[in-house]
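*Asks:* Structure provided below as structure tokens; questions to follow.
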Amino acid sequence: MTQDEMKKAAGWAALKYVEKGSIVGVGTGSTVNHFIDALGTIKDDIKGAVSSSVASTERLKELGIEVFECNDVIKLDVYVDGADEINHAREMIKGGGAALTREKIVAAISEKFVCIVDDTKAVDVLGQFPLPVEVIPMARSYVARELVKLGGDPAYREGVVTDNGNIILDVHNMQITNPKEMEDKINGIAGVVTVGLFAHRGADVVITGTPEGAKIEE
């Protein structure tokens with residue numbers, strides 16, 4: 001089974017968490033694209049979706065799924081999204097696709113976070129994947145210096161502007177042994193919009209695409 005086939009297995013398995021008549025929180029990325037395709041097969045059974053990115057919104061609309069604004073929804077039953085890394089405590093690094101802030105907002109209003117990944121994303125310690133930080137442009141240099149003080153090696157993600165009009169710093173060479181503490185420290189830096197650590201709001205369910213098919217941990 002290829003990596004993409006494992007992603008597809010995880011994405012389609014997430015359909016079991018979608019309630020009839022509900023509005024579904026939808027994340028961003030290659031694994032989520034498979035979930036969106038799966039969602040298209042039951043579009044008449046759901047009310048619609050709240051999307052975490054422009055890219056996902058476009059894909060949902062192409063399939064005829066109504067997309068609601070986050071401000072118009074009080075809560076969501078389920079949010080389905082991928083991760084760049086996930087540890088045994090279901091804490092994650094997200095934001096490889098630069099949608100981390102909107103992903104965090106949609107996760108915050110959701111009762112259940114279903115994380116869909118292939119089996120290359122599971123790690124013992126977070127940090128091998130560069131940690132994305134969304135930053136207001138005028139604060140880029142200051143935030144980079146502060147991230148160095150925390151032991152990281154930040155790199156400006158050239159040519160990327162987030163859906164919110166901000167920039168991304170990717171922090172390399174971090175071993176994040178206490179993700180909740182690191183999330184708080186980075187979020188406390190002036191000019192940081194948010195960091196791609198999902199530790200305080202981790203996953204409730206993890207669906208992993210493996211060569212044998214989808215493995216579900218609740």
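Every residue gets a Cβ built from N, Cα and C, even glycine.
Residues or ranges marked as substrate binding site by Swiss-Prot: T28, G29, S30, T31, D81, G82, A83, D84, K94, G95, G96, G97, K121. Residues annotated as active site, proton acceptor in Swiss-Prot: E103.
What does the local environment look like for each feature on the list?
*Replies:* DSSP classifies S30 (substrate binding site) as helix under the three-state reduction. For S30 (substrate binding site), other Cβ atoms within 10 Å of its Cβ number 15.
In three-state terms derived from DSSP, E103 (active site, proton acceptor) belongs to a helical segment. Here E103 (active site, proton acceptor) comes close to G27, T28, S52, S53, D81, K94, G95, F198: these same-chain residues lie at least six apart in sequence, with C-beta atoms under 8 angstroms from its C-beta.
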*Asks:* Which state, by DSSP, holds D81 (substrate binding site): helix, strand or coil?
*Replies:* strand
